[in-house]
Amino acid sequence: MALNVGVIGAGALGTAIAQTMSENVDELLLHVRKQDLCDDINNTGYNTQYYPNNKLNENIKATTDINDLKKCDIIFLAIPSSAFRETLKNLKEVLEEETIIVTTAKGIEYPSLKSMGDLISEYFDENYVALSGPNFASEIMLNQPTITNIASRKAENSQKVKEVLSTKQFKVKIIDDIKGIELCGVLKNINAIANGICEGMNINENARYSILTRGFKDTIEIIESFGGNSDTAHEYCGFGDLIMTSTSSESRNHTLGILYGQRLVIDEAASGIVFEGKNSIRAVRDICENNNIDSEIVNFVYDVIIERIAPIKAFNKLWENIE
Ligand SMILES: NC(=O)C1=CN([C@@H]2O[C@H](COP(=O)(O)OP(=O)(O)OC[C@H]3O[C@@H](n4cnc5c(N)ncnc54)[C@H](O)[C@@H]3O)[C@@H](O)[C@H]2O)C=CC1
Ligand SMILES: O=C(CO)COP(=O)(O)O
């Protein structure tokens, strides 16, 4: 394929989608922050930090120089949402205005309440595409069957991104709801934490799945209030990702919830693990307040994680109010 494609972020997801797309392009540029990891990838063919047992395809070339991305038609940002603004500022110095930027991050900026797409359009007009779905990176890396959704403001951009991403195993479905797709990714993380807290406390399954049902309903309400389409909640990026991450021990957000539910507090910053949901709680709570939405699930997660209220006390309040 003639398109030049780059990925920024050689972490779990960036490496996995680079591997997938390298099937479709002549050369895939993978931007890495650290020189030693960049050298490892180029010299050994392994991302020794994230996937020491999976050989990368030979046409993946790592670089630490952002100027190398100048020639890219499409750039995927596979970095945490907290790193978006700084990265976009740097990219603005080197990229052409028409470069398509794809966001994979499931986070939101606080206190601006801007989505990653909103941030991209601050620097690069409307040329962005959002990607989200039930997509554990470890499975994508193993070339296991996966579907994702993408959405954008320009149909031709979605089409180009679909072309570079699609393989026999990795399917891409275009939807027409840029607001909804991004919110689904953010809200499923809050639900994953909520269900993790309940699991950590050993709350019974009848209650846990009722809470998940309520979380799905709240997701729809929040999406609609933010100008999204409720149908998006029924997509892979909605229902699929919500259920997957709320119930799977592979999810970092779900695991974080379990730890809080067990009252085991870890040093999250020192762990270096990306817990997007934790960083989104205040933003989602503000979105609810601004739109007069009273989400018991959002309040529950806020009470336990931010206010540090005892999980059982927070759960009793949730259960009293849930209908
Ligand atoms: N891991 C997964 O299964 C999936 C992750 N995502 C989303 O993708 C995003 C990235 O997640 P992961 O790849 O899992 O995280 P990760 O922690 O595995 O990788 C993050 C990458 O970003 C780089 N990075 C961190 N701070 C940076 C900064 N300030 N400037 C430039 N680069 C920086 C790191 O060096 C690392 O290469 C998150 O928003 C996550 O929610 C979405 C779908 C699946
Ligand atoms: O978004 C994901 C899979 O779709 C990954 O979820 P976690 O960030 O909770 O691990």
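Backbone N, Cα and C define each Cβ position, glycine as well.
For 5-156, the entry in TrEMBL reads domain 'Glycerol-3-phosphate dehydrogenase NAD-dependent N-terminal'. For the domain 'Glycerol-3-phosphate dehydrogenase NAD-dependent N-terminal' (5-156), the model's average pLDDT works out to 97.
Among the features that TrEMBL reports, NAD(+) binding site is placed at Gly9, Ala10, Gly11, Ala12, Leu13, Gly14, Ala137, Arg252. All protein chains included, Arg252 (NAD(+) binding site) registers 20 other Cβ atoms within 10 Å of its own Cβ.
Residues annotated as NADPH binding site in TrEMBL: Arg33, Lys34, Tyr50, Lys106, Ala137, Arg252, Val274, Glu276. Arg33 (NADPH binding site) falls within neither a helix nor a strand when secondary structure is assigned with DSSP, and so counts as coil.
Annotated substrate binding site per TrEMBL: Lys106, Arg252, Asn253, in sequence order. Under the three-state DSSP scheme, Arg252 (NAD(+) binding site) falls in the helix class.
The sn-glycerol 3-phosphate binding site annotation in TrEMBL covers Lys106, Gly133, Lys188, Asp241, Ser251, Arg252, Asn253. In three-state terms derived from DSSP, Lys106 (NADPH binding site) belongs to neither a helical nor a strand segment and is classed as coil.
Annotation comment: TrEMBL describes 177-315 as domain 'Glycerol-3-phosphate dehydrogenase NAD-dependent C-terminal'.
The active site, proton acceptor annotation in TrEMBL covers Lys188. The DSSP secondary structure for Lys188 (sn-glycerol 3-phosphate binding site) is helix. For Lys188 (sn-glycerol 3-phosphate binding site), the same-chain residues that are 6 or more apart in sequence and have a Cβ closer than 8 Å to its Cβ are Lys106, Thr219, Gly238, Asp241, Leu242, Thr245, Ser246.
According to DSSP, the secondary structure content of the domain 'Glycerol-3-phosphate dehydrogenase NAD-dependent C-terminal' (177-315) in residues is 106 helix, 0 strand, 33 coil. Only Tyr50, of the binding-site residues Lys34, Tyr50, Gly133, Ser251, Asn253, Glu276, have a C-alpha within 10 angstroms of the C-alpha of Gly11 (NAD(+) binding site). Of Ala10, Leu13, Gly14, Ala137, all annotated as binding-site residues, the residue with the shortest Cα distance to Lys34 (NADPH binding site) is Ala10. Screening the binding-site residues Ala12, Leu13, Asp241, Ser251, Arg252, Asn253 for a C-beta under 6 A from any atom of ligand 2 leaves Asp241, Ser251, Arg252, Asn253.
For the recorded substrate site, residues Lys106, Arg252, Asn253 set the reference point as the centre of their Cβ atoms, and the other residues of that chain within 8 Å of it by Cβ are Asn189, Ala192, Thr245, Ser251, His254, Leu256, Val274, Phe275, Glu276, Gly277.
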